[in-house]
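Peer 1: Have a look at the structure that comes next, please.
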Amino acid sequence: MSTNLDDSRNSSDIGETPNSSMLQEPIDIKLLAAESVIWTEKNVAYIGPFGKFPGKVVITRYRMVFLVGDGGKHYERWKLDVPLGHVSKVEKVGGQSRSAAMRGDDNYGFIVLCKDYRTYKFACLPTSNRKNICDSLNRYAFPISHNFPLFAFVHAAESPRLMRDGWKIYSAEREYERLGIPSSRLWEMVDINKDYKFSETYPRVFVIPKATVEKGKAFLKKLGEYRSKERIPVLSWIDQNTLASISRCSQPMTGLARKKCNEDEIHLTNIMNANANCRELLILDARPAVNAKLNKAKGGGYEENYTTASLTFLNIHNIHVVRDSLKRMVSTLLPRVDEKNFYKALDESKWLHHVQSILEGAVKAVFNVDTEKQSILVHCSDGWDRTAQLTSLAMIQLDPYYRTIEGFIVLIEKEWCSFGHKFGERVGHGDDSHGDGERSPIFVQFFDCLWQIMRQFPWAFEFTQDLLMYILDEMYSCRYGTFLFNSEKIRLLDNKCAETTISLWSYVLENKKKFTNPMFRVRKTKKVLYVNPSFCVLQVWVDYYARSNPHVITPQHEDIQHAGHQFVNERKNLMEEIMTLEESVNNAAD
């Protein structure tokens, strides 16, 4: 039996349909605002790690839910609840045939492949309406390809505004004020990009040396012409005591002719001179040296023979290598683990090797800024993938503010959202181009690196890995507007997401306790973290990558959670009591 429901309805109960036979089968699924049921299909079986389960597929405007049942009037809620934004591809398997109908062949059905590499297989009866199931999934999993609005827009239109407006948490002016820029004699906030005409992928406000500002707009224009996408070197972070800074940019457009730009050299000298302790500006080029040289053929390049700067290549690979590596790594965990060959397959995936390269680069940045008091400039090709990974990880180690929940939000908004990480293309929001070469899990890789740091310093972060996993899930889901589109301009100016969608940070801040780390120690965090990037201390983030494999027992596995639920709560309460007592003692001492 199939039921098609009008997608314009906003039912609070899947059973509330015009069809009287369906009214006898109420199923309690709490729908979000604007989430209406599109299609339901009985006599579908989910084929998972523990066998075959008959039941019913329910497709809404936002998700796909599988309900276990025998075809009668009662169904149980199943753990399978997949937001359609997670879907990368829907494949039909098997063909309709009389022989398949006679023997109930499980090979006739469909497979849902997700962007985080989870896969769900379903078997249908040859008499079922598989076409409508797959059409509904494709239409609402890929709304942009079908000229539909993303769910974030329709959801926000019918949702009450939350108490905390997550769109107001980050302010570039407020963050630069925290870093002491307004009172600085050497750095200045500029609004040359206030209408995004200087660089479409840069934020409307950024900070550059005053010595550069004094050169005038014509100087800045020539500077922009020399850097890919006009992404000139600008400030990301500064130590107010030593004046050592982290700046970021894109590659210089030297080309095969090895073009020089006097304005660019002057600008880098100005960045160096803004730090009296700096002998020369250290340029950290995230790319392998061979890739940087090959980019010359495309008009790009790197800084050669700068008199006031030295160049180091960090050998971090590009988006295509990262995508293939993660796919191979996850295949060692899903759908099952080959225990005898696991470590061999893991090593061949090179995933942890890539994580190590990024952490080594971040540690190098921290050492030079903190110990050597030296200013650094970070870039890759266009400065929105590997560059954001390195600056973010370095800043997290250097500045304890970014290890708080609010500070972490500010970091993501600044280094990723405002500086133009291409979330739309890297994630493929609403787009059915499954094989698009621009897709890559760069943001996931950043979170993996951060998780490695959190493992080494569990007391230093106000948040737990639960926040990381929640953010990644919502990045794919398209429920919030925070990670939609490719740049600040497209997100805030062209699509007005701050007015027409809800921010993910609204939910995070209103549910802060869910993500708070009971081991967090404020006093201990007031220092620089030096991460050990050694390969032997790195681990696979199985809590995230293997969570859909019930055979992999992790601390987040429900068997562990249920059995130890009371113990975990008691431990948390004790930790909170200890923290309260410690705070009282510290206050009394002060």
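Cβ atoms here come from the backbone N, Cα and C positions, even for glycine.
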Peer 1: Need the matching range: TrEMBL marks region 'Disordered' on one of 1-21, 421-441, and I'd like to know which.
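Peer 2: It is 1-21 that TrEMBL annotates as region 'Disordered'.
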Peer 1: Within the domain 'Myotubularin phosphatase' (166-545), what mean pLDDT does the predicted structure show?
Peer 2: 96
Peer 1: By the count of other Cβ atoms within 10 Å, pick out the sparsest of the recorded positions Ala297, Cys380.
Peer 2: Ala297
Peer 1: Which of Asn295, Asn318 (the binding-site residues) has the most other Cβ atoms within 10 Å?
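Peer 2: The residue with the most neighbouring Cβ atoms within 10 Å is Asn295.
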Peer 1: Mind giving me a neighbour count for Arg386 (substrate binding site)? Other Cβ atoms within 10 Å of its Cβ, every protein chain shown.
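Peer 2: Summing over all protein chains shown, Arg386 (substrate binding site) has 29 other Cβ atoms within 10 Å.
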Peer 1: Using Cβ-Cβ distances, find the residues under 8 Å from Asp382 (substrate binding site) that belong to the same chain and are at least 6 apart in sequence, listing them in sequence order.
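Peer 2: Expected: Thr201, Ser228, Lys229, Arg231, Ser250, Gln251.
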Peer 1: For Asn318 (substrate binding site) and Cys380 (active site, phosphocysteine intermediate), what Cα-Cα distance in Å is obtained after rounding to a whole number?
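Peer 2: Here the two Cα atoms lie 9 Å apart.
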Peer 1: Just checking a number: largest C-alpha distance across Asn295, Lys296, Ala297, Lys298, Asn318, Ile319, Cys380, Ser381, Asp382, Gly383, Trp384, Asp385, Arg386 for the substrate site, rounded to a whole Å.
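Peer 2: About 21 Å separates the two most distant Cα atoms.
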Peer 1: At a 10 Å cut-off from the C-beta of Trp384 (substrate binding site), count the other C-beta atoms across all protein chains.
Peer 2: 25
